[in-house]
């Protein structure tokens with residue numbers, strides 16, 4: 001049996017290829033990259049680039065045309081610490097859009113078109129310390145959106161068209177209990193109603209919501225109203241029908257009794 005010998009240089013090259021680390025993900029074509037940062041600002045992007053290195057620690061996506069962050073909009077980025085998305089056209093963030101970003105510490109969503117955020121949106125961000133939601137279209141915000149951020153230290157909510165009705169009471173309570181986390185408090189202003197336009201939300205006190213606390217109904221109250229209301233209506237119909245029948249019956253008995261007393265008048269011809 002003939003034995004084939006591999007030349008020394010070829011063997012050395014093969015060993016070198018085996019020992020080399022696997023190639024890292026290429027830098028997205030429209031971006032500028034360093035070993036740890038990816039800058040995709042002002043590139044006319046409409047979606048988040050997917051070909052990102054897992055070692056990325058900072059991702060800059062400001063001044064683009066991104067309108068929606070759908071489910072899993074980002075690849076798995078276990079080392080990402082900063083995500084910057086200001087000055088886009090963001091209108092919607094899916095509840096699972098930020099999965100895989102558990103190490104994120106700073107998120108900038110300012111200067112967008114966000115009007116609604118669900119409590120599930122920031123659940124994957126267990127390490128988030130700074131959140132900027134300034135200059136959006138938020139008229140209200142559920143406290144559950146913020147309560148999911150256990151490590152939150154700095155929150156920016158300025159320059160939003162806040163609706164200062166009774167519905168803002170839960171948010172005001174959260175802000176009052178976490179004043180040290182709220183930045184730019186003086187710019188957190190009411191837009192609606194007109195008589196409260198530019199009134200600082202943080203200047204409200206308990207007495208400002210006294211009427212809301214007295215007149216507001218819980219979900220149990222609404223259930224009782226919707227159950228008792230139709231039931232009462234149906235019961236009143238039956239009662240009126242029964243009462244009418246009794247009156248007609250009594251009237252008939254009275255007439256028959258009258259006919260027996262005066263047979264000549266009531267005689268049927």
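For all residues, glycine too, the Cβ spot is worked out from N, Cα and C.
Database features (TrEMBL):
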- 1-26: signal peptide (SIGNAL)
- 26-58: domain 'LRRNT' (DOMAIN)
- 160-213: domain 'LRRCT' (DOMAIN)
- 222-253: transmembrane segment (TRANSMEM)
Residue counts (helix, strand, coil, in that order) that DSSP gives for the domain 'LRRCT' (160-213): 32 helix, 9 strand, 13 coil
PLDDT averaged over every residue in the domain 'LRRCT' (160-213): 93
